[in-house]
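K.L.:
Below are the features listed in TrEMBL for this protein:
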- 40-289: domain 'G-protein coupled receptors family 1 profile' (DOMAIN)
- 24-49: transmembrane segment (TRANSMEM)
- 61-85: transmembrane segment (TRANSMEM)
- 97-119: transmembrane segment (TRANSMEM)
- 139-156: transmembrane segment (TRANSMEM)
- 199-225: transmembrane segment (TRANSMEM)
- 237-260: transmembrane segment (TRANSMEM)
- 272-291: transmembrane segment (TRANSMEM)
Amino acid sequence: VSMNFTTVVEFVLLGLANSRHLEITLFLFLVTAYLLILLGNFSVISITLMNNFLQTPMYYFLRNFALLEITFTSTFMPSTLYSLLTERKTISRTGCFLQMMFFYYLGTCTLFHMAVMSVDRYVAICHPLHYTAIMNNRFCLQLILSCWAVSFLLMFPPTIMTVQLPFCGPNVMNHFYCDASLLLQLSCTDTRFIEELMFVILIIILPGTLMVTAVSYGCIIVTILHIPSSTGRRKAFSTCSAHLIVVMVFYSTCISRYIRRAQRGGQDSDKVLSLFFSVLTQTLNPYIYTLRNKQVKQALKESILNFSGS
């Protein structure tokens, strides 16, 4: 029996709000957050590049992490802001697939990068005498390239299979970006294999990188407890606790959103969870990880003085 299907050429993203007043409010909030993300991360990149005393492995990882944060947020934020401002809810099929592919690829790379940075801090604090020998330039580069390569190898198969699925209507997603789980629900063919594959991959990525990060920070906390100076302990705990809060928010919302079977229709709570890990933590990261650092603040102050003097 042959059936005629209409191929979907665009998708409708319902977005974050259903009233014009709320859309304007959200636009102002998100555009402010996006500007802070860009300003904070570009500041991290420029400061760590221009100052010779910041050419250490820690700042090398932070600089790459800042670049990753800019690209990850830019996969969906411009289109989200545009839809809030103009009330245009549609996105082309090609645009939707590209957004989905880069969102999952860069998001996965962010998780691996956070795990690598936690290992770097573990070696620096728990094994300071061997730090320069272990974290040499070649090994740091290998770690960064591994994050990008492993993320690609893990996310390419399910995303490319999703792109090749037939879509013949409906074409409405209750989200503000093209989410893979919702795209699978819209396909007019059996997607159970892709759903299971995606679920297994996310089970490997999220708990796996979280375990590496948790063990690293656990060892760091044990080492901090042996610091004889109470002032030193307070400073170390202040930095470590700020990092842990951001990590907890990021992982808890990611796991709540993705470590479960796909639900039909999409939930408003999914959009709230997505906002937390894709916007809130991205806004805080450059200020928590880098710009609170004493060396970075001194470098920033010198850069401002040099610029104003010139």
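Any Cβ shown, glycine's included, is placed from N, Cα and C.
A quick note: this is a predicted structure, and the numbers were derived from the prediction, not measured.
Map the listed features onto the structure and describe their local environment.
P.N.:
Within the same chain, residues 58, 61-62, 64-65, 68-69, 71-72, 75-76, 79, 91, 143-144, 146-148, 150-152, 154-156, 159-160, 162-163, 177-180, 183, 205-206, 209, 212-213, 216-217, 247, 250, 254, 278, 289 sit at least 6 positions outside the transmembrane segment (97-119) and bring their C-beta atoms closer than 8 Å to a C-beta of that stretch.
Tertiary neighbourhood of the transmembrane segment (139-156): same-chain residues 57, 60-61, 64, 101, 104-106, 108-109, 112-113, 116, 201, 204-205, selected by CB-CB distance under 8 Å and a gap of 6+ residues from either end.
Long-range contacts of the transmembrane segment (199-225) within the same chain, counting only residues at least 6 positions beyond its ends with a Cβ under 8 Å from a Cβ of the stretch, are 108, 111-112, 114-115, 118-119, 121-122, 125-126, 154-155, 158, 233, 236-237, 240, 243-244, 247, 251, 254-255, 258-259, 261.
Only residues 6 or more beyond the boundaries of the transmembrane segment (237-260), in the same chain, are considered here, and those with a CB under 8 A from a CB of the stretch are 111, 114, 118, 181, 199, 202-203, 206-207, 210, 213, 217, 220-221, 224, 270, 273-274, 276-277, 280-281, 284-285, 288-289, 292.
Outside the transmembrane segment (272-291) by six or more residues, the chain places 16, 30, 33, 36-37, 40-41, 43-44, 48, 59, 62, 65-66, 69, 72-73, 76-77, 107, 117, 175-177, 179, 242-243, 245-246, 249-250, 253-254, 256-257, 297, 300 with a CB less than 8 A from a CB of the stretch.
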K.L.:
Using a Cβ cut-off of under 8 Å, list the residues of the same chain at least 6 residues beyond the transmembrane segment (61-85) that approach it.
P.N.:
13, 15-17, 23-24, 26-27, 30-31, 34, 37-38, 40-42, 44-45, 48-49, 91, 95, 99, 102-103, 106-107, 109-110, 113-114, 116-117, 120, 140, 143-144, 176-177, 278-279, 282, 285-286, 289-290
K.L.:
Report, as numbers and ranges, which residues of the same chain sit near the transmembrane segment (24-49): CB under 8 Å and 6 or more residues beyond its ends.
P.N.:
16-17, 55, 59-60, 62-63, 66-67, 69-70, 73, 77, 80-81, 84-85, 279-280, 282-283, 285-287, 290-291, 296, 299-300, 303
